[in-house]
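Working notes for the structure below.
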Amino acid sequence: MLEKLIILDFGSQTTQLIARRIRELNTYCEVYPYNKLPEDLTGVRGIILSGSPYSVYDSKAFRIPLDEIRGRLPLLGICYGAQSLVDQAGGKVESCETREYGRAHLEFKQADDALLKGLQPGTTVWMSHGDTITALPSGFDVIAGTEDVPYAAFRIEGEQTWGVQFHPEIYHSEEGTKLLGNFLDICGMKRDWTPASFIETTVQELRNKLGDDKVILALSGGVDSSVVAVLLNKAIGSNLTCIFVDHGLLRKGEFERVLQDYEHLGLNVIGVNAKEKFFSALKGVTDPEEKRKIIGRGFIEVFDEEAHKLEGIKWLGQGTIYPDVIESLSITGMVIKSHHNVGGLPERMNLRLVEPLRTLFKDEVRRVGLELGMMPHLIHRHPFPGPGLGIRILGEITEEKATILQNADDIYMSLMREWGLYDQVWQAGVILLPVRSVGVMGDERTYEYTVALRAVTSMDAMSADWAHLPYDFLAKVSNEIINKVRGVNRVVYDISSKPPSTIEWE
Ligand code: XMP
């Protein structure tokens, strides 16, 4: 039985971070909306209540009867979670006169509390709230305070319930991970959830679930779908068929390279060259959303056609990962995932979905991939959009423009690797602009395209900064592109951050 911790999400922006920290402690955890605690708590060893954008006294605040949870399992309330415990038990939570944001130092009020075990007196914690607990209910014992907050942490007598008003999940809380680790010890968790144990359990589960059924999977060359393929291959071998479509808008040489990698990994892959179909469907189209739709639709058609050549397929594999799942369950609905390239595929094909990475974060997917023996270059590649260069050619897409862009992009990416910059940026690429300008080459006047170089640093693509690449490097890239790529006579560098810009131009 897989042991796990449950995090009830009251809408805080840091709920995912709590899950990240717990996972870093080699412990499996799941996030549920605050009012969706599963009835069956078999295997659950403890519960964390997250923070919230609301105050406990707001009329819109998310409320559940906490006395139904208290005492059943070890419980830790964080920020709003802690304040709710106090509020519901008859204590007082009030708006602070001075909102406390930022660093504070913990003073311990009780020796030997299990939650604070091993933490240094004065340790820095990160506060972020406009409310504070001003009176504890009876039976609640303060265990730590800060200069401005008398009840920074408390414990409920006779229960394994704690509350902290600061955020241990935020990196600035120096010993936050240690505190969360202490809570896992209180829950009696073994902390043995590793990539290797994930692979072992998942492969077994896949075998049980799929039996002798046949599965089809669309590969994109990206990390998630590749790791799904190798996992499924390990579980069901040749009952998995993978399809990799070349829509003509991949990077230069990418189709051949990735196909070779897949074959090397022992996957049963069908590579489909569908360039002409895509270029002819895109002819004359300039509207970006329309272009995205055409590419998405074309992809589904090719995939569907290939799938029909195979017999007895029952399942569709997909590289859905945990952030997608959390976002789609999000109670506040603040995050909307806008890039579902193959939406509609399962319905159209009447297949059941198998998504073995549903519970993993991106870096965990990478660790699992490496553990599975996949090549590091396949695991550490930059994200690349499904519609590929299609969203980096502004205006009408033609095969000629795709070739120009592929050549420029190839020079940029090769030099980036050569200069050791590839792993320092989140993602990079070249954009072909529908702008021609005048230049001179030898004695001749030219009138050719402009390309923009883009490189960003980011943690999750939700926000991004332009990468401060060395001038010497940019100079080299510009020279190489202008000298070697026919059709381009001007190179510019994009210095916009997201927000308000986006990573891609279209
Ligand atoms: P933006 O441009 O929204 O990009 O800042 C955020 C991340 O999403 C990728 N992206 C896409 N991925 N289909 C995809 O599969 C798309 O239509 C698409 N548009 C953007 C982008 O590369 C970045 O990683």
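Backbone N, Cα and C atoms are what each Cβ position is placed from, and that goes for glycine too.
Curation does not apply to TrEMBL; its annotations are automatic.
Annotated features, as they stand in TrEMBL:
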- C79: active site, nucleophile (ACT_SITE)
- H167: active site (ACT_SITE)
- E169: active site (ACT_SITE)
- 193-381: domain 'GMPS ATP-PPase' (DOMAIN)
- S220, G221, G222, V223, D224, S225, S226: ATP binding site (BINDING)
Would you mind checking how many other C-beta atoms are within 10 angstroms of the C-beta on C79 (active site, nucleophile)?
-> 25
Shell list (ATP; ref centroid = CB of S220, G221, G222, V223, D224, S225, S226; cutoff 8 A) = L219, V227, G319
Here the 10 Å Cβ neighbour count for G221 (ATP binding site) comes out at 21
What is the number of other Cβ atoms found within 10 Å of the Cβ of V223 (ATP binding site)?
-> 24
If we count other C-beta atoms within 10 Å, could you say which of the recorded positions H167, E169, S225, S226 has the fewest?
-> S225
CA pair S220 (ATP binding site) / the residue listed as 'active site, nucleophile', Å rounded to integer, equals 41
About how far apart, in whole Å, are the alpha carbons (Cα) of S226 (ATP binding site) and E169 (active site)?
-> 31
Pull out the recorded positions from the set H167, G221, G222, D224, S225 whose C-alpha sits within 10 Å of the C-alpha of C79 (active site, nucleophile).
-> H167
For G222 (ATP binding site), write down the residues of its own chain that are at least 6 apart in sequence and whose Cβ falls under 8 Å from its Cβ; none is a fine answer.
-> G319, R381, P383, F384
According to DSSP, folded down to helix, strand and coil, what is D224 (ATP binding site)?
-> helix
When you measure from the Cβ of D224 (ATP binding site), how many other Cβ atoms are you left with inside 10 Å?
-> 21
